[in-house]
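Encoded as structure tokens, the structure appears first; notes follow it.
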Amino acid sequence: MSLSKYFNPIPDASVTFDGATVQLEESLGAVQNDEESASEFKNVGHLEISDITFRANEGEVVLVLGNPTSALFKGLFHGHKHLKYSPEGSIRFKDNEYKQFASKCPHQIIYNNEQDIHFPYLTVEQTIDFALSCKFHIPKQERIEMRDELLKEFGLSHVKKTYVGNDYVRGVSGGERKRISIIETFIANGSVYLWDNSTKGLDSATALEFLSITQKMAKATRSVNFVKISQASDKIVSKFDKILMLGDSFQVFYGTMEECLTHFHDTLQIKKNPNDCIIEYLTSILNFKFKETSNSIVGLDTPSVVSEENQALNINNETDLHTLWIQSPYYKHWKAITSKTVQECTRKDVNPDDISPIFSIPLKTQLKTCTVRAFERIIGDRNYLISQFVSVVVQSLVIGSLFYNIPLTTIGSFSRGSLTFFSILFFTFLSLADMPASFQRQPVVRKHVQLHFYYNWVETLATNFFDCCSKFILVVIFTIILYFLAHLQYNAARFFIFLLFLSVYNFCMVSLFALTALIAPTLSMANLLAGILLLAIAMYASYVIYMKDMHPWFIWIAYLNPAMFAMEAILSNELFNLKLDCHESIIPRGEYYDNISFSHKACAWQGATLGNDYVRGRDYLKSGLKYTYHHVWRNFGIIIGFLCFFLFCSLLAAEYITPLFTRENLLRWNNYLKRYCPFLNSQKKNNKSAITNNDGVCTPKTPIANFSTSSSSVPSVSHQYDTDYNIKHPDETVNNHTKESVAMETQKHVISWKNINYTIGDKKLINDASGYISSGLTALMGESGAGKTTLLNVLSQRTESGVVTGELLIDGQPLTNIDAFRRSIGFVQQQDVHLELLTVRESLEISCVLRGDGDRDYLGVVSNLLRLPSEKLVADLSPTQRKLLSIGVELVTKPSLLLFLDEPTSGLDAEAALTIVQFLKKLSMQGQAILCTIHQPSKSVISYFDNIYLLKRGGECVYFGSLPNACDYFVAHDRRLTFDREMDNPADFVIDVVGSGSTNIPMDDAEKPTSSKIDEPVSYHKQSDSINWAELWQSSPEKVRVADDLLLLEEEARKSGVDFTTSVWSPPSYMEQIKLITKRQYICTKRDMTYVFAKYALNAGAGLFIGFSFWRTKHNINGLQDAIFLCFMMLCVSSPLINQVQDKALQSKEVYIAREARSNTYHWTVLLIAQTIVELPLAISSSTLFFLCCYFCCGFETSARVAGVFYLNYILFSMYYLSFGLWLLYSAPDLQTAAVFVAFLYSFTASFCGVMQPYSLFPRFWTFMYRVSPYTYFIETFVSLLLHDREVNCSTSEMVPSQPVMGQTCGQFMKPFIDEFGGKLHINNTYTVCAYCMYTVGDDFLAQENMSYHHRWRNFGFEWVFVCFNIAAMFVGFYLTYIKKIWPSVIDGIKKCIPSMRRSKTSHNPNEQSV
């Protein structure tokens, strides 16, 4: 099918710059200011590019080179916000002023960067289906055909049922994920496309296909495309119609590629190195490297490329290049065209013909599409789905059985109130657990909104709608189980009203916490807001504090609380028509009073009337709780109003507030904090181990040339190198041996693998692979998805699942010491996973000390090599710098056996890529064995590799040997192939030959005419399709020679008699590991000021809120009840605090799982211990703040005997919730599941502590849980400390009136009862009405609640036991989850039990698996 017919761009599109001087915010670009120290504040910088003049027409693809490219692209993308240019110049889209056009038609400007952000639990086809549904209002069948065609074009048909995945969720490979991003961008259907390093992670063949498709799409849809590429072969460069070259301050060229080369090479006489590809040549001009001699070009001893003519032109700086550009005929040509275009443009407003609807589908379809995707997300994330379902079912069973068969008595009415309150509170906690998922959705939603797939508020509305639907199912399950176990009224009306209000209240909480997530910039701040909201909801639901007892300054909160209205409606619905038996509450009672008329007794329950041994439910509601049944449907309307209000505010926040929380805005805010709050500055200006030079690069105080260690450091590949020890080009010989002592003393070993097969399920990813590495630099190459990363993981012993067969040998001997092997190798992952709040130097130092020899001086060498600003935070690094840091983290370990690198040059510009490969070459020349996957290598880059190991799709080896011989090998076996050593890139040649082609686009040259369609199926190198290169290699003489060479090398290695384990660096002691990781975690925590502020603010705010709510607690019966609920609310604060702790600890956990664990950086228990040690002082100090804010407001005793012991126990409680939160985080597969576990286990343990249900009413089966719940002991200790020896003076309404029999005083009449049950009389000697108070002192109340002051130290010991249990469970949970990896087995077991979850069609494709 032809795809072009579905695209409707603006006709005659063009982008014209006429002498425009553009000012751009530097933070918008990918380029970071390396000279800026992270310890110093600077305002957001601005890039100013002067005199930009060019015109790009419809159907053209323009290559843009230069440091400011990313900033320019983002400026054009956010044209109406961030693009500023001088009035003397002009920027036009057609005849429209660009900023006006960008404001009126933002959907016509499409931006794609190097980041691949997707929902990991959606499959590839679901992701593309969604994008197509948002942009094309066509029948479903056409959309499916269009999807399949796109997947076919981009070579993704074989993974369409596979999860997309991310760095932490296994899914498609990185290259395949990049292609998904490209497809999404194409689907956006714009007129101007800005491709910002969009080929990062693609091999050269796939990148060429991408450019071919872009070129065809540009011509078919008549769009304008601007492309930034860091590395590209000449064949790729030839695909571009024009090239725009930007210096830091000026434009230096625009025109065709042929004109560009003529201008610089022929006219300006800037010579080109024969091994450099075009993009390397042009990049060197922009970076002004053509003025440098061989001594300043890292590792090269080639002659100077500066000609006499060039020197005569006196090109000394960028201004000279710009001057020569404007003097050229090319500039005059384009200046005439752009001036004419601007002169003809007299329109002040945007042409109405160019304005089209921003969104391609109606709102109804947007809502439907987003809702369907929400359903697919939740079904895909099975861990989260199952954890929610299990928690609701188990919780309803447990609580239903706890309140089993509630009696129709006055005491039973309290249980009914507790059950109602618990139901409301449980679903509040469950809604709170959704906040982490809300934050994880936001980056993907932000990308889609920028692509104009839908309105931001539509996604919010759809997500809320689906969450409400899914929660409704949970509420129905919960209600059915709980309602009938508790034996609430068996009446259809009562049941459905209970279900209705619990459901609507739950919807309200879903919207409220969704709103909280949308208005908070970070999850820590969201947890702060949610913590305060949670307290307000719980305390002012009119159950913890009755309406009549609320202080007047806070009673208004109850009327703003949906829980209060839900509580009144549900409890009124249950009690209004009941008659509650009062036999357990009659005063006086006992054998002495059995024969006395009831006219002398009274029912001690609110709402009781004299002479009746029962209480009507409606009377209890009215007098005790201030409830009335007549408010039920009024409250329903009010809750619906709250729901609509929260939902409306969520939609507004999604549209206008959340978009403000971009990285750029948050960096600005962080800069303001640094400027006005110097104490927040996290960097040290003085460092004992390193100093900073003018370039912001860490250099040791000792000169590099003087480094001398037992294993000598590799000299820096910077200008500070000794000129008498240089890397020669591979074609040259190294004839200087005077500096051999400087080289790393690496004993040569032979690492070989034979008949390696790797299978996951029924899919074979590596098929009978054999090879070896002894020394030198070997490139592991193949098309995207061929299994390169998988083979690296197998060889480095990093596979986590599947079956590996075959042999891995060291010097011909089977590998037995895997731990030593892992410590002898380095592995640079494709994903750049680091702790964001460490500096570059700190990141390198940790790796050096834990995995290397601890040579801190060597850190300066690596920093100089990689040109990294040592004192800059990782969070402030550009993507390129993060990649360099990943390499540096492995280099500082000095791997003695083998260094693996997975695409180390991906995303780097040509110069940086060449620098890295040159350094790798230097290491290999010193004996280091290096195996490196590489994408898109230029001819000069690939020439540094000694050998290549070539894979085809399916993980089959098709060649192993030197690269020149590889080209000869393929040509010799297929005479129809041709290879020109002078012109062709050998890397591109071998990939083209063995690659089956990711798409069906022909690999034609730029000169070949291109069709206006993008669907002509022509395969790669048709002439080679009939050859099975894998089978040919297995029987080839070349493989026999490889085997013979391996035997000789192994024999030499065995003769040396050196065991590779002798060169393994001894790891630091266990205590040293703990010390170093604890210091690291402390630094990361200290620098996260948002987290620290949120923790202290939540404790202070919650303490004051609770303290003022229970202000000066009275010495009456209500005061006793208030004391219990005060302590219960103090424990409730732990829930949002746990969420904060988990969010913070997640960062280091993910880094450990993704990188450090696989590299044996330190023992897994070290991370858990270090995180606990670092969090402990924060928990204690913040809990101290809470205690000070709360305790002294409530009016309890302030002596050390009471307040001191209370404080001691609360500090222990802070240790409990800290260890509890870390246990669940380290035992759960992800943060969302951990949040559900917190909600479930918190409500589970809290329900058995005797607050919700009195111990006397516990079913016998559950009495053990009363003893097992840690909250039982905390509550008993806290309440007994507050109420011990506290005098009770009942208020008039709390006095129980009774009438003595004739001839007796009240004291005489009530004495038997008081002797048995306690209490006191207001007046003993009266003969009329006896005013009885149930308690004399607080200990009487404690005894009734099964509590005792004398248990406080016993409880203190039990509390320590629970803390120790949490810590032990944390270790066990982490071991089972991440060492033994039990979760996949658990999920598989559940899938077998639930047939609907058996999704065989959605299998994973771990060709190049993520963690």
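Keep in mind that glycine also has a Cβ here, set from the backbone N, Cα and C atoms.
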Swiss-Prot annotation: H448 and K1381 on one membrane face: yes
Annotation match for N-linked glycosylation site in Swiss-Prot, from N197, N317, N757, N1324: N1324
Record feature N-linked glycosylation site (Swiss-Prot), assigned residue among N189, N706, N1289: N1289
The transmembrane segment (525-545) in contact with the transmembrane segment (1118-1138), cutoff 8 A, at least 3 CB pairs, sep 6+: yes
Recorded stretch that, among 419-439, 1118-1138, 1356-1376, has the most CB pairs under 8 Å to the transmembrane segment (1231-1251): 419-439
Positions on the same chain near the transmembrane segment (637-657), where near means CB under 8 A and six or more residues out: 455-457, 459-461, 464, 501, 504-505, 507-508, 511-512, 514-515, 518-519, 562, 565-566, 569
Same-chain residues at least 6 beyond the ends of the topological domain 'Extracellular' (410-418) whose Cβ lies under 8 Å from its Cβ atoms: 403, 488, 543, 571, 574-575, 578, 580-582, 584-585, 603, 605, 608, 615, 617, 620, 625, 1251-1254, 1257
Inter-residue Cα distance where the pair is N595 (N-linked glycosylation site) and G785 (ATP binding site), in Å: 91
Candidate nearest A786 (ATP binding site) in space, where candidates are the glycosylation sites N595, N1289, N1324, N1346 and distance is Cα-Cα: N1346
Alpha-carbon spacing, E783 (ATP binding site) to N595 (N-linked glycosylation site), which is rounded to whole Å: 97
C-alpha spacing of N1346 (N-linked glycosylation site) relative to K788 (ATP binding site), in angstrom: 66
Counts of helix, strand and coil residues, the topological domain 'Extracellular' (1112-1117), according to DSSP: 1 helix, 0 strand, 5 coil
Rounded Cα-Cα span from S784 (ATP binding site) to N1324 (N-linked glycosylation site), Å: 93
Per-region confidence, the topological domain 'Extracellular' (546-636) (mean pLDDT, whole number): 89
For the topological domain 'Cytoplasmic' (440-471), sequence-distant contacts whose Cβ falls under 8 Å of one of its Cβ atoms, 6 or more beyond its ends: 77, 106-107, 110-111, 117-119, 130-131, 134-135, 184-185, 188, 358-359, 363, 366-367, 369-371, 373-375, 378, 427, 430-431, 434, 503, 506-507, 510-511, 514, 518, 647, 650-655, 658-659, 661-662, 1231-1232
CB contacts for A786 (ATP binding site) [other CB atoms within 10 A, all chains]: 30
Helix-strand-coil residue split for the topological domain 'Extracellular' (1197-1204), DSSP-based: 5 helix, 0 strand, 3 coil
